[in-house]
Amino acid sequence: MAAATSSIAPSLSCPSPSSSSKTLWSSKARTLALPNIGFLSSSSKSLRSLTATVAGNGATGSSLAARMVSSSAVKAPVSLDFETSVFKKEKVSLAGYEEYIVRGGRDLFKHLPDAFKGIKQIGVIGWGSQGPAQAQNLRDSLVEAKSDIVVKIGLRKGSRSFEEARAAGFTEESGTLGDIWETIAGSDLVLLLISDAAQADNYEKIFSHMKPNSILGLSHGFLLGHLQSSGLDFPKNISVVAVCPKGMGPSVRRLYVQGKEINGAGINASFAVHQDVDGRAADVALGWSVALGSPFTFATTLEQEYRSDIFGERGILLGAVHGIVESLFRRYTENGMSEDLAYKNTVECITGTISRTISTQGMLAVYNSLSEEGKKDFETAYSASFYPCMEILYECYEDVQSGSEIRSVVLAGRRFYEKEGLPAFPMGNIDQTRMWKVGERVRKSRPAGDLGPLYPFTAGVYVALMMAQIEILRKKGHSYSEIINESVIESVDSLNPFMHARGVSFMVDNCSTTARLGSRKWAPRFDYILTQQALVAVDSGAAINRDLISNFFSDPVHGAIEVCAQLRPTVDISVPADADFVRPELRQSSN
């Protein structure tokens with residue numbers, strides 16, 4: 001059967017299962033009538049009255065805001081339907097759009113042998129951020145399912161990661177640890193979890209070692225973006241799927257372990273079927289996601305995934321939040337605030353109280369919990385920060401979309417080694433400045449369970465960034481499930497808890513190489529634009545943009561977040577400072 005490549009076309013139909021194929025990825029196009037979303041004008045009486053009431057206090061919106069309010073989305077959000085003969089598909093409505101998900105849970109592990117039918121060995125290639133977590137979760141889930149499928153780690157000969165893999169229970173003697181090329185050649189499902197730059201440099205050899213009709217599994221769409229930039233595609237004799245946890249590897253493992261007694265917990269994941277040679281691809285991908293412990297799995301395409309993911313980690317997930325706290329810490333201390341309090345009112349405020357509130361109640365709850373004076377400070381910060389943040393986010397998205405950012409990652413990976421007579425330039429530290437040393441002191445005296453203060457100005461800047469990122473993804477046609485996971489859930493439930501535990505490096509450097517590079521590259525851009533534009537506007541007494549504030553109150557994303565909150569992990573992640581489930585070089589008991 002010829003390989004079938006899935007389309008990005010939106011689909012809200014649910015065709016009947018084909019008798020000739022147990023699994024079919026449906027990509028029928030259907031025109032979606034765009035509702036009034038985000039910063040669009042609305043005929044809703046409630047929205048009109050809210051806008052009129054808020055705008056009545058004398059401040060006016062900018063001409064840019066007026067253009068935004070009257071503009072329409074570039075394209076409708078993508079909504080992909082799929083079929084599965086193993087798991088239960090469920091329809092959810094997010095901001096007026098229908099999407100399909102599969103709920104997870106340990107009670108579904110019994111279905112894994114059916115989902116993985118025909119698979120005898122799963123090769124997990126790489127031992128970076130995702131490799132250890134996914135390999136261990138898969139192994140443990142398959143054992144619980146009483147499956148004899150082998151999970152085998154494939155590494156480069158001489159790799160220092162062999163010892164780490166052995167410590168996690170994978171050994172050469174048991175046939176669960178071996179050479180990368182032998183593992184690829186012997187596996188029916190190959191999970192390619194090496195760095196993106198390494199994938200770009202080695203994909204031809206990887207493809208040549210794969211069995212015909214085997215399945216290539218990705219946890220990031222980066223390789224597709226790299227191939228597209230060269231006018232290439234995947235071999236037509238293999239299936240290509242993706243399962244992309246919306247969080248760093250250590251979070252994937254930590255929540256899986258924490259949730260063992262309560263029917264599972266983990267990190268939400270997206271899945272995609274890019275190429276299906278024999279009709280098994282969707283069930284295999286869903287089985288993979290369920291085995292990782294994903295509370296819910298939503299559909300995307302490989303292209304939409306890499307655009308939103310690479311963009312998101314440079315935005316609010318990592319780079320932008322780093323830029324925000326650096327900028328605000330400097331502002332607060334320059335204005336006379338003590339260093340300890342400035343750290344609490346920036347980092348601790350975002351990673352503690354704000355994150356917990358957004359995770360459980362949404363962004364509006366952050367605003368509503370403030371005093372009247374605090375709400376004014378929030379609005380001032382939000383109004384001044386929204387468009388400067390959007391400017392950098394817009395640039396970043398288009399750099400990803402054009403392939404420029406992907407090329408940057410590949411080139412950066414090559415600079416890690418000496419070449420052309422020039423020295424190697426590995427990634428440097430990002431937590432050695434005064435601010436982060438203050439953070440060490442603050443954490444040492446922090447009471448157990450303390451979530452820090454809720455500082456209104458910081459909250460306004462952070463929420464403005466979050467809403468600007470949501471709007472960029474929405475205008476670019478991403479589905480609400482993808483938007484919310486990449487802009488909200490991954491940030492507050494997976495990543496920020498690591499910065500709360502031990503600072504910015506502990507968050508950023510537990511992530512993939514691509515994420516670490518992007519965070520370092522883009523954080524200074526957000527720091528700069530906030531300092532040079534947003535904070536200058538505040539100090540000059542610029543009027544609050546009431547169009548932005550009223551549209552924030554009425555944005556339909558709040559209702560969509562409320563639906564997604566009901567699908568969040570069953571436990572909150574616990575990240576002690578001496579965590580042993582993180583990268584080896586980041587394991588220590590101090591700070």
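Glycine residues also receive a Cβ, built from the backbone N, Cα and C atoms like all the rest.
Model, not experiment: these values are computed from the prediction.
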Item to complete: Out of D276, D278, D283, D309, which one does Swiss-Prot list together with E486, E490 for Mg(2+) 2?
Response: D309
Discussion item. Looking at 1-20, 141-160, 341-360, I want to know which stretch Swiss-Prot calls region 'Disordered'.
Written reply: 1-20
Discussion item. Quick check on the record annotations: which of T53, T60, T333, T433 is tagged N-acetylthreonine by Swiss-Prot?
Written reply: T53
Worksheet item: With a radius of 8 angstroms around the mean position of the C-beta atoms of D309, E486, E490, what other residues of the same chain does the Mg(2+) 2 site pick up?
Response: K246, S308, G312, E313, L317, E482, N485, S487
Worksheet item: Long-range same-chain neighbours of E486 (Mg(2+) 2 binding site), Cβ under 8 Å, sequence gap at least 6?
Response: K246, S308, D309, F311, G312, L317, Q469, L473, H478
